[in-house]
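One structure is given here, and the rest of the page talks about it.
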Amino acid sequence: MGSLASERKVVGWAARDATGHLSPYSYTLRNTGPEDVVVKVLYCGICHTDIHQAKNHLGASKYPMVPGHEVVGEVVEVGPEVAKYGVGDVVGVGVIVGCCRECSPCKANVEQYCNKKIWSYNDVYTDGRPTQGGFASTMVVDQKFVVKIPAGLAPEQAAPLLCAGVTVYSPLKHFGLTNPGLRGGILGLGGVGHMGVKVAKAMGHHVTVISSSSKKRAEAMDHLGADAYLVSSDAAAMAAAADSLDYIIDTVPVHHPLEPYLALLKLDGKLVLLGVIGEPLSFVSPMVMLGRKAITGSFIGSIDETAEVLQFCVDKGLTSQIEVVKMGYVNEALERLERNDVRYRFVVDVAGSNVEAEAAAADAASN
């Protein structure tokens, strides 16, 4: 079991201000408790939300900030009351590391909707210390917010499933959209969208990818297995596809009109918003009234759903398409992600990186 150190110094890569530039940062992990798991970080995926947070797009960033919420690591120590995990287990940590455990969402095991949830970074833990994420060598996490990575799933492949994977799986399950034969749309083909295509296809759905241009058509259909591809600026094609979809999973993280996509939905169709957008979205009410259509949202998934989607991907043979990078490349990776220059998810090889040495190399390369 090992004796848990009350405090320990670690090095992560942190943003110091709204430029979002990351550099090495030494800090002390929070005190460990009886139900805590100490995780040596192996890999951490890069999510578009990491950009929003590092650059203070949402207006609530606190610095220094170590991002990263798609964390896969190895358990190196456990508290005396930890029963679910042992040293050597490969585990995952996602967006949430704390909740009140008393509210209705917590009692319903959908703790991601708890109003007192604690984010894995850019938040304050119950002891008053800031939480820091997975772009670091080590994390301390309550066992409730840790999931086992099942056998048959490579750790680097598992990382994006802890956010992108469960983010598309959860609404499909919750809204009863898992039956084979449904016709679904995936709006946006980034890290979340590409997993949306894969998960929906594995459920037996007819999947249409909707994008602003035709440049991803071959990838969507030939590589990811989509059944159809719609260019949203092609008025004739959009009109021909009206009233054809049971649901649309909207993964676009920037402001965009909703009405063109509402027109694609059948009677009782659902438009599920997943992208984090800081500006109001608008539509005219008849677009939903005349087809009894619903605009709704979903936020990541519960710990139980995270475990489910990991096993679902193992059972269905699904993997995320990733580009593995070292920590010294993380700033370039964030810049490339911001301009959509990745297919489809960056994953940082944290354990294989020397954060201090790679920082010096990155600084030398920029001079």
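From the backbone N, Cα and C atoms, a Cβ is placed for every residue, glycine too.
Residues annotated as Zn(2+) 1 binding site in Swiss-Prot: C47, H69, E70, C163. The NADP(+) binding site annotation in Swiss-Prot covers T49, T167, 188-193, 211-216, T251, G275, 298-300. According to Swiss-Prot, the feature Zn(2+) 2 binding site maps to C100, C103, C106, C114, an assignment based on similarity to another entry.
Cα-Cα distance from C114 (Zn(2+) 2 binding site) to I300 (NADP(+) binding site): 13 Å (rounded to the nearest whole number). Shown are the binding-site residues C47, C100; of these, the residue with the fewest other Cβ atoms within 10 Å is C100. Within the same chain, the residues at least 6 positions away from S212 (NADP(+) binding site) whose Cβ sits under 8 Å from its Cβ are V231, S232, S233, listed in sequence order. Neighbour counts were taken at the CB atom with a 10 A radius for the binding-site residues H69, K215; the maximum falls on H69. Cβ-based neighbour count (10 Å, all protein chains) for I300 (NADP(+) binding site) stands at 22. Between the C-alpha atoms of T49 (NADP(+) binding site) and H69 (Zn(2+) 1 binding site), the distance comes to 9 Å. When other Cβ atoms within 10 Å of the Cβ of C114 (Zn(2+) 2 binding site) are tallied across all protein chains shown, the result is 19. In terms of C-alpha distance, the listed binding-site residues L189, V192, K215 place V192 closest to H69 (Zn(2+) 1 binding site).
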